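TrEMBL has this to say about the protein:
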BINDING   Asn9, Glu384  Mg(2+) binding site
BINDING   Lys16, His207, Leu208, Gly209, Asn210, Gly211, Asp282, Met283, Arg284, Gly330, Ile331, Gly332, Glu333, Asn334  ATP binding site
BINDING   Arg90  substrate binding site
ACT_SITE  Asp147  active site, proton donor/acceptor
SITE      His179  site 'Transition state stabilizer'
SITE      Arg240  site 'Transition state stabilizer'
Amino acid sequence: MSATVLVLNSGSSSVKFALYDPEREQELLSGIAERVGTPRASATIRLPDGERELTDLGDGDHQAVLSRVLSGLGDWLDEQGHHIAAVGHRLVHGGERFHSSVVLDEETLAAVRDCIPLAPLHNPANIAGVEAAQQVLPEVPQVGVFDTAFHQTMPAHAYRYAVPPEWYSDLGVRRYGFHGTSHRYVSQRAAEFLDRPLAELRMITAHLGNGCSLTAIRDGVSVDTSMGLTPLEGVVMGTRSGDVDPGVPGYVQDRTGAELEQITLDLNKRSGLLGLSGVSNDMREIRAAADDGDPDARLALEVFGYRLAKYIAALAVATEGVDVLVFTGGIGENDTQIRAEVLQRLGFLGLRLDSGANDALRGEPGVITTEDSPVTALVIPTDEELVIARDAHQLTTEADR
Ligand code: ADP
């Protein structure tokens, strides 16, 4: 029997899962359960020989879904000689408590619960996934991998907000940062790709997906990042505003009488590329509209690119100069135009675009600057699930030793 790692990314209404062979670092299957928490929950499992659809998922809660997915896979696992030796969970917020991934036991899970006020939408769903896995696979060790952990190395001057001190001491109001698993992975892969020690590179990583964030990396660790207490801070994203004047919510409230909750929702769900373009939160659709001459779509792209370049330049303060700039995430890996625009805007930092190389790279790793460019920019496809599988494997086999 070969030991595999189940990776779970549990949201409130969907659960993404994948099974890894940790020795070969190979994904064996993946899938998604949707409408979780409703009687209409369903799951799709993508196996090498095709897809399986599961519809009768009981009452559809996290436990029912996981139990049904695993029983639906039982014959395949047996046939392949696989068993699940560890479960790795993506956990959104680890507060100041978690600096790295952790084996989940009663004590560490209680500490993850303590972080619920910091991520009231995400952590409860993540925890529901952990509890479901504990019920369905009681003998199998569980590991938590946090979006925030990589950024716990930020110095206080980067993570503190200039606000009343008890907001920090009593409420934990500070910058935490997110997408840490992705920033950690692509920074390591970029150094490997360039065959240079990560510790010697002053690096900025740009994770540009539906959510977008940047991280400044020095000596191999995060020294600053664009997201803050919540994933709303920083650059423009698909539906999130990124930085706005903190006076905006109060102003909108005064003028419209809207509840703060609604305004926060608008900043998270109706802003960003969607808000500016009025077309979509999806980069491909915005590009298509801009190409058709839609002025709002064009403006959305301009604001996105300008703010991105501006933030990268700001993070160069944290790294005290830049050696390497990395693009990742759906937009960073595929959108050749945004990469070209950012590099052109940042020419003064020493980035020289290789247009041919840039235009040719979609979804694969590669360098997009010229050989004589003082700063190297490259594309590195991210793989957060692989990191979760690796961490879960490492922590649970270490525990065995
Ligand atoms: P998530 O953050 O949900 O994991 P992704 O990393 O998949 O999201 O990124 C989604 C974004 O990537 C969307 O804005 C999508 O339009 C964009 N994207 C995906 N493929 C392309 C492409 N070929 N060209 C431009 N943008 C793309």
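Each Cβ is built from the backbone N, Cα and C atoms, and glycine gets one as well.
What you see is a predicted model, and the numbers here were worked out from it, not measured in a lab.
Listed in sequence order, the recorded positions from Arg90, His179, Leu208, Asn210, Arg284, Glu333 having a Cα within 10 Å of the Cα of Glu384 (Mg(2+) binding site) are Arg90, His179. DSSP classifies Asn210 (ATP binding site) as coil under the three-state reduction. Glu384 (Mg(2+) binding site) falls within a helix when secondary structure is assigned with DSSP.
Among the residues Lys16, His207, Leu208, Gly209, Asn210, Gly211, Asp282, Met283, Arg284, Gly330, Ile331, Gly332, Glu333, Asn334 said to bind ATP, no two Cα atoms are farther apart than 23 Å.
Taking a C-beta cut-off of under 8 angstroms and a sequence separation of 6 or more, His179 (site 'Transition state stabilizer') has the following same-chain neighbours: Asp147, His207, Gly211, Ser213, Thr215, Met227. With respect to Arg240 (site 'Transition state stabilizer'), the closest of these binding-site residues in Cα terms is Asn210, chosen from Leu208, Asn210, Arg284, Glu333. Using a 10 Å Cβ-Cβ cutoff, Asp282 (ATP binding site) registers 16 neighbours. Among the binding-site residues Asn9, Leu208, Asn210, Asp282, Arg284, the ones whose Cα sits within 10 Å of the Cα of Arg90 (substrate binding site) are Asn9. Only Asp282, of the binding-site residues Lys16, Asp282, Glu333, Glu384, place a Cβ under 6 Å from an atom of ligand 1.
Same-chain residues at least 6 positions away in sequence with a Cβ under 8 Å from that of Asn9 (Mg(2+) binding site) are, in sequence order, Val15, Lys16, Phe17, His89, Arg90, Gly129, Glu385. According to DSSP, Ile331 (ATP binding site) sits within a helical segment. Long-range C-beta contacts of Ile331 (ATP binding site), restricted to its own chain and to partners at least six residues apart, with a cutoff below 8 Å, comprise Leu208, Gly209, Cys212, Met283, Ile338.
Neighbour counts were taken as the number of other C-beta atoms within 10 angstroms of each residue's C-beta; across the recorded positions Lys16, Arg90, Arg240, Arg284, the minimum falls on Arg284.
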